[in-house]
Amino acid sequence: MFTTTGSRGLYKAPLSKGLLLVLNGLTVMLTLLPHYQEMFVYNLQAVTQQHQVWRFLLGRLVCLDVKDAFCSSLLIYNFRIFERRFGSRKYASFLLGTWCLSALMDFLLAQAFQFLFDYEVEELPAGLLAPVFSLFVPFYLLIPRMQVTQVLSHIHITNKSLVYIVGLQLLTSSPFMWLLALSGLISGGLYHSNVLWMQKLLFVPVWVSRIGRFILEPLFSSSQPTSETPLGMGATLDIQRQQRMDMLDQQLLLAQYNEARRNTRQQPQSGLFQWTRFFPSLRRRGQNRPPVQPRPQAQTPPSTQQPLLDNSPVAEEQVGVHPCAFISCPFTGSFVLLLMKYSEVARLVEMGFSRIDALEALRASNNDINMATNFLLQH
């Protein structure tokens, strides 16, 4: 369903796994023990009038509605890509920062709603909902959009469409869920853009990260998936396909940089890479150039031999040097680079890519064969 983040499960995402297990476990326990649910109700009126500040902590962690817990779990599972990309500490800092900011935003938005519509908001949906909505900000800005299919030839379905549908389902599950969604989006935007140096004020300390690494990470870490799986060949191909899509995130910055270089670089001469013979082509390069005066050399007996035509074969005895002596010719640098370029293009063509795509990939990767291969695999 979620093709954005691959099919490697919760590998390298211990914090996401811990949130899913602990929060959903508490939701199930509170469902079975309803007389304890009162402690986890997110009651703003009790906070403001009775000064029960602890409700900001308990009421904004555990979902009391099973539907909200299910939808938020799907989103947390999908957003685990940020923990893989940025690391568990930075991901935890984002959740902590947006959790604190959204607590303030919930109170301000509730007061603004009461001022505008003369209606007091007493309770809000409980759970880690505002930080989950805040993750839509980096999801929209950092995750590339790739088209998957089309519906009715006009509606484009991308790899991000189903994630937005789940978010919309969560948004419409409660009457005042929109307030938490707006609070989360504002908090995510402020923290992501580092307004007023929020990322330096609200973060997880290094010592807390080390404690979690040595104590909690062994409990919630997942083993690395392998291609050998009991689910069969379909699962193996799915893992390989999703691993390639994970590599796309790593190539995103490189693709943007290469796109900028292609827009500014001068277009190459047409037909440059369609030559089938190197030596005649090198000789033809001098036809459209003005004659160049040769450098003064030691006196040699004048040659009585007729000049060779461009298309006539050159014998080694006539030239008087070994073909390896092209090292000293003026075209040495261009010829060596061209020969290397031809060999790299040939290797990519042997892998099954077209010649045009191979040339474009090599030009985008500055003639790096490994980078060009990864570029072709992702595009």
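The backbone N, Cα and C atoms fix where each Cβ goes, glycine too.
Same-chain neighbours of the transmembrane segment (18-37): 10, 61-64, 66, 69, 73, 76-77, 127-128, 216, 219-220, counting only residues six or more beyond its ends whose CB sits under 8 Å from a CB of the stretch. The feature transmembrane segment is assigned by TrEMBL to 18-37 (among others).
Annotated transmembrane segment per TrEMBL: 57-79 (among others), in sequence order.
Only residues 6 or more beyond the boundaries of the transmembrane segment (91-112), in the same chain, are considered here, and those with a CB under 8 A from a CB of the stretch are 15-16, 44, 47-48, 56, 60, 82-83, 120-121, 124, 128, 130-131, 134-135, 138, 179-180, 182-184, 186-188, 190-192, 198-199, 202-204, 209, 212. Among the features that TrEMBL reports, transmembrane segment is placed at 91-112 (among others).
What TrEMBL lists as transmembrane segment is 124-143 (among others).
What TrEMBL lists as transmembrane segment is 163-191 (among others). Outside the transmembrane segment (163-191), and at least 6 residues removed from its termini, the chain residues within Cβ reach (under 8 Å) are 2, 4, 65, 67-68, 71-72, 74-75, 78, 94, 97-98, 101-102, 105-106, 109-110, 113, 121, 123-125, 129-139, 198-199, 202.
Among the features that TrEMBL reports, region 'Disordered' is placed at 284-310.
Annotated compositional bias 'Low complexity' per TrEMBL: 295-307, in sequence order.
Helix first, then strand, then coil: DSSP counts for the domain 'UBA' (339-379) stand at 32 helix, 0 strand, 9 coil. Annotation source TrEMBL lists domain 'UBA' at 339-379.
Within its own chain, the transmembrane segment (57-79) is flanked in space by residues 2, 4-5, 10, 16, 19-20, 23-24, 26-27, 30-31, 37, 39-43, 99, 102-103, 124-130, 132, 135, 139, 163, 166-167, 169-170, 173-174, which lie at least six positions past its ends and keep a Cβ under 8 Å from the stretch.
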